[in-house]
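**Student:** Have a look at this one.
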Amino acid sequence: MIAFIVRRLVTSFFVLLAATMVIFGLTSIAGDPLADLRELPGADGERRMADRIERMHLDDPVWLRYLNWLTGLFRGYLGVNRDGQDVGVMLGDALSATLQLVLAATVLAVVIGVCVGIISALRQYSSFDYGVTLAAFVCFSLPLFWVAVMLKQYIAISFNDWLRDPAIPPTVIVVLALIAGLIWAAIAIGDRKVKLIAFGAGAAITAVILTLLSVTGWFADPGIGLIGLAILAGGTAVGLSMLISGLQYRGPLYAALAAAGLGVLLSEILTPVLADPSWAEIFGLALATVIICIALGYGLGGLLRQQAITGAVLTGLITGGLIFVDRLLQSFASYSDMVRGRPISTIGAGTPNFKGDFWQTNLDSAGHLLLPSMALVLISLATYTRYSRSSMLEVMNLDYVRTARAKGLPERTVITKHAFRNGMIPITTLMAVDFASVIGGAVVTENVFGWQGMGTLFTTGLQQVDPAPVMAFFIVSGTAIVVFNMLADIVYAYLDPRIRLS
Amino acid sequence: MSHRRRLGRLVAAVAGGSLLLSACAQSGGGTSEPSSSASPAGTAQTITYAGEQEFNSYNSISVNNLVNSAAMQRVQAGFWYYGENGEVTPDKDFGTYQKTADSPLTIEYEFNAKAVWSDGTPIDCDDAMLYWAAKSGKIKGFQVDGTTGVELTKVPDCNAGDKKFVLEYSEPFADWQSNGPGATSVLPAHVATKAAGMSEADFIAAVKAQDADKLAGVIKFYNEGWTIDGGLKDMSLYPASGPYKIASMAPGQSLTLAANDKWWGTPAATPNIVLRVISQEEQAQALQNREVNLIEPQPNPDLLAQLEGMQGVTVKTGDAYTYEHLDFNFDSSEFKDKRLRQAFAKCVPRQLIVDNLIKPLAPQAQVLQVRNVLPFQPDYNTVVQGSGAEAYADVDIEGAKKLLEEAGKVGMEVKLGHNEPNPRRTQETQLIADSCGKAGFKVVDGGAETFFEAGGALGTNGYDVALFAWTGSSEVSGWSSTYSTPKECSENGKENNNGCYSNKEVDDLIKQLNAEVDTTKHPGLIAQIEKVLWDDVATIPLFAHPNLLAWDEKLQNIVPNPAQSSVTWNMDKWTLAS
């Protein structure tokens, strides 16, 4: 394995080196680096051209400029752009902006996409499956800039207007309830009666919840509240136990429930800490949660100790996440006031000069990240849904799954233990490639939502025929692709013993 | 095993019970603190302006980006600024100046006695010396936007700490007012000398001696030290001399100006102005969502309709200090023949061009009748009167045909050069081709991407008629080289007179105008020049470029400004009702 990694690294290095040569050469001959100065009249233009020629070494042949850049690179120096700004600094800013923008969206797309894909595989040829297929293809074919304009108009501008008097009109409630009912009916398995019940229950519950939210003005001053938290955390505990170990085993269930209960309890006890924490404290709390939950699982798990630990830790973390969201939502009203009642933003990475406590600052970031993330998730959701669906279907039809069923294993065990893990192997490749391209930024999204990320660095550099920023972009994104592909191979080997052993 | 199970149950039960209890104790969520609103009742603390380009230098003389001067004009005040309608307006807060002699032209400047940089250093002689050193062109090495005018002055004879200085001209200069140190031109010399490790007295002495070697450190700092490089690192480099000072900057996102507590004049009406970087296409929705309060995008009909459809948004269209015109090639085309120029001027559908292409963007737009005064300027009507423009006010196909027949050039090919891609100019060319086609001209679209470039059609006179725009200003020296006989008709020799137009009378009048220090006599001279230019049909003016402003209607005291300094010229007066 180590020999394999080393071999890969060495070849990748030379591939990258050759690629830098090509990219540098192509960028250098992509146009006239002095184009914008040529229209300046008289001596002024000439002097500024001379300045730029000196700064960019335009008198040297391209290969010499390349070697210059390369020796700089090995000393860790990325050079300056045509205006003399340090490219290293620019790269740092661009990379952090891009990571903020795209990382959350990609993680969300993976989680949601894989979940939806698996459910639609398990309900193959159901109306849910058809619905998801249709939605995935529609989203996939939407042009991003158009989606962005629509999101800005409806999710930001109209939503902010509506927040002044957040009452949901009855017709909207009815329509949403019907849609929710249809989704539930589509997911439910059974005869017509079961489906009807699922439809009725789904629609009714949705209608009641929406009416309650509307009447209480929840959207203007939201929050989950302790009861909501308890219900959601308990539900998570039960649901996870059902998936991981099955409800007939009490140990894991109790461990998960205890984790949920403890979390809800601590959400009140820890109020002094949670009033205005720092990220370090939040990570500390997450770590403490993991340790406590491992202990809970160990103590309460009984025979199924391993599953109990997994279930408890996941429940604990999700409960923690719910508490985090609850706190964020509680700060929503005060944040909204601070930004003149317009919490969802259409542009930029943050309100300029925004000062608030931990929650308000994070709400500000969230308010600015919401639209670009939605746009990115909508469009990349399709790939994950389709891949995980087809891979899951393929696995479900394999002999060993049939054997597992024939042994008499419950369907839950067959899916989660035998099919799921193997079904996910192809997805790892997809994820690796996706994460690598994430580092390269999202040019259109960055442009439409006013983020100065990697994509902007690259396109501006290219337009100005300025190799230094383009090369900085390329070094980072190219290395990311090489590294992530290698990671994918390693993970592959870990997940699939056939590769490791052959 | 069973023991442990029981314990587990107990823990779970306790956990569940306490959960219920605490749920009863405090039901419902979202009890937020009473919000501490950032702004008191009345007016908002912050006004946000959207621009497309990012602020990138504190020194807008060496990095001559419009965004820099627009951002800095109320941070770096000066003896004058482009006020309403783009007129040169004295800034009495900053200091006073007056003409003390006509021959030689002598202007005496005096900084306000209370004038200090925001770091406490008085604004005085050394700052004037830095202005002169950079702008006079007599000390090599400074990167500046131009040296016209200041190059005629003698080095000011002031000493460290003096509040007064004098600019003495070697010859009369019409634009002496705007030639003095104006807004964004007075930079803090003490910052530059400190960076160069020079004392104030040494610096002043070196400027008086015009010693570029001694000043090398200052020159280097002047050219490079004020460039913004990934954010503001050392705030002491950017002191302010106006109502606002630079407060902070988020690279790629925004620049924040805060009221300058050391400002001695009328305090800024709103404590913070944020200049956000937002691309053209995204500005309208950002305004609608009130993330910005004021936008100044390039006009287009769809955008105008979108903005006018928004609630609570004021939209204002107006003229910019840029005008579109047709230039004849006097050097290498048939248009050396005056009859052909007259015929062409008669068939160009100027009203139609304005009606079809400009009015949808700016309903008040009109055909431009003269070249060097624009419709929003007070002297416009005086200059138009008797300029001879009325002879070409309407399309006269018959008249054009007759002249063309007289010259014996019916069916002559006219290559109309302009830059591409520029859809509006392509449409203008189309309208001209249709109309002049009826008169017997065969207009060919000579649009090219390389039109403006070195070696392109404009420089090498590879056109018969050229279609482009000049940026104007209220100064008369700005356009003197456009109509004066060029030194030689070559790419470098002809300066702005691209068609190599030449008329002795115009040359004399322009010389006279540039030497006329009494501004009240300017309109009369300009009118005479315009009359000759129409008699010769030297160029055909078409229209002033439209500009567009839109702002939150709660915003007060927004006054559009056609000059390049843009709407930010009076930002210290802006208020936003909350």
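Numbering starts at 1 and runs along the chain as it is shown here.
Including glycine, each Cβ sits where the backbone N, Cα and C put it.
Per TrEMBL, the feature domain 'ABC transmembrane type-1' maps to A:95-492. Residues or ranges marked as transmembrane segment in TrEMBL: A:12-31, A:99-122, A:134-155, A:167-189, A:196-220, A:226-244, A:251-270, A:282-301, A:308-325, A:369-387, A:427-450, A:470-495.
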**Student:** At least three Cβ pairs under 8 Å linking the transmembrane segment (A:134-155) and the transmembrane segment (A:427-450), pairs spaced 6 or more in sequence?
**Tutor:** yes
**Student:** Check the transmembrane segment (A:470-495) against each of A:167-189, A:251-270, A:369-387, A:427-450 and return whichever range has the most CB pairs under 8 Å.
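**Tutor:** Counting Cβ pairs under 8 Å, the winner is A:427-450.
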**Student:** Under 8 Å between C-beta atoms and at least six residues away from its ends: which parts of the chain pack against the transmembrane segment (A:308-325)?
**Tutor:** 224, 229, 232-233, 236-237, 240-241, 244-245, 251-253, 255-260, 262-264, 267, 274, 282, 285-286, 289-290, 292-294, 296-298, 300-302
**Student:** Does the transmembrane segment (A:369-387) come near the transmembrane segment (A:251-270), with 3+ Cβ pairs under 8 Å (pairs 6 or more apart)?
**Tutor:** no
**Student:** Establish whether the number of Cβ pairs under 8 Å between the transmembrane segment (A:196-220) and the transmembrane segment (A:226-244) reaches at least three, counting only pairs separated by 6 or more residues.
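**Tutor:** No, these stretches are not in contact.
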**Student:** Which stretch from A:226-244, A:251-270, A:282-301, A:427-450 shares the most C-beta pairs under 8 Å with the transmembrane segment (A:99-122)?
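**Tutor:** By Cβ pairs under 8 Å, A:427-450 leads among A:226-244, A:251-270, A:282-301, A:427-450.
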**Student:** Where among A:251-270, A:282-301, A:427-450 do we find the most Cβ pairs under 8 Å to the transmembrane segment (A:226-244)?
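**Tutor:** Per the Cβ under 8 Å count, A:251-270.
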**Student:** Below 8 angstroms Cβ to Cβ, which residues of this chain, lying six or more residues outside the transmembrane segment (A:251-270), approach it?
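**Tutor:** Cβ under 8 Å, 6 or more out: 226, 229-230, 233-234, 236-238, 240-241, 244-245, 285, 289, 292-293, 296-297, 299-305, 307-309, 311-316, 319-320, 322-323, 326.
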